[in-house]
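For 1-17, the entry in TrEMBL reads signal peptide. What TrEMBL records for 23-47 is region 'Disordered'. The annotation domain 'EF-hand' is assigned in TrEMBL to 69-104, 157-192, 194-229, 248-270.
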Amino acid sequence: MRPHALALLLVASLVIAKPADEEKKSRVHDEKLSDESHFLNDEHNPDYDHEAFLGEDEARTFDQLTPEESKDRLSKIVDKIDSDKDGLVTEKELHNWIEYTQKRYINDDVKRQWLTINPENKDTMYWLEYKKGVYGFIDNMEPGDLDDDNEGMTYIEMVMRDERRWEAADGNDDGALTIEEFTDFLHPEEAEHMRSIVVTETVEDIDKDKDGKISLNEYIGDMYRGEEGEVEPSWVSNEREQFREFRDKDGNGYLDQEEVKSWIIPADYNHAEAESKHLIYEADNNGDQVLSKDEILEKYDVFVGSQATDFGEALVRHDEF
């Protein structure tokens, strides 16, 4: 094993793995609430609701509980969602909870990487500290290894890309990032001022001939790499049609930066808002547009799973909410 092999584990946390040929690779950053399909056979998928409400890990935990345990734990969660303590859960309170649940994984990821590189938990982290912590292994590599192609990029190119992103996240240009700025660095799709970097990196990844735009062949090649003579999955032809009819807005056969932004960062749909409206619709027995605890517990299987039909961790951690 090469000396730098173990160090690559940290780098790997920032790199998206190549998909299998039969799988569809998605570039879209749409802040979806669950990896589950929203609808199955034209019916709303309860697993989607559970993950949106609880988060993926907690949803799996709830699936191991009895209905009685699920209701008991859900009751405690309702008390946390009801931020004004009036005994009713409004759409806004439910919306805020869903957004909090979905952002928690980001905060946990940031904290883990922050403390890995900055174990003393200093208020700021400098670029050279980050570079040493993540890419220090390249100092011991043979010159030829520096040109190794890793996910389409050499290690030197990866360092240069990260430094550019670091500078974009450094709001006051002091060369150091606070943990909030570090969050923007690790998850640029979540910060409005970082989204141009997401678009630029996406174009660079897909634009193989480096002409600054994405052709149809490059667009499909990023998602699907079939073998010669292999029958294409049906979704590939659907994506070609998507490119021609919707992605390539000016019809010139290429995607420019603005067209890529419209594709990967859609701005016209709020998943948390839609889900909070749906949950109220499902559980609001008296039609007053707010939910009592009794209404939520009566329709507990809409919000959480159980052995009969996650969030266990959320209850262990409820004091931090």
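Heads up, the Cβ atoms here are built off N, Cα and C, so glycines get one too.
Below 8 angstroms of C-beta separation, residues 11, 14, 29, 31, 103, 106-107, 109-111, 113-114, 123-127, 130-131, 134-135, 138, 150, 198, 201, 204, 265 of the same chain, each at least six residues beyond the ends of the domain 'EF-hand' (157-192), sit close to that stretch. Counted with DSSP, the domain 'EF-hand' (248-270) comes out as 8 helix, 2 strand, 13 coil. The average pLDDT computed over the domain 'EF-hand' (248-270) stands at 90.
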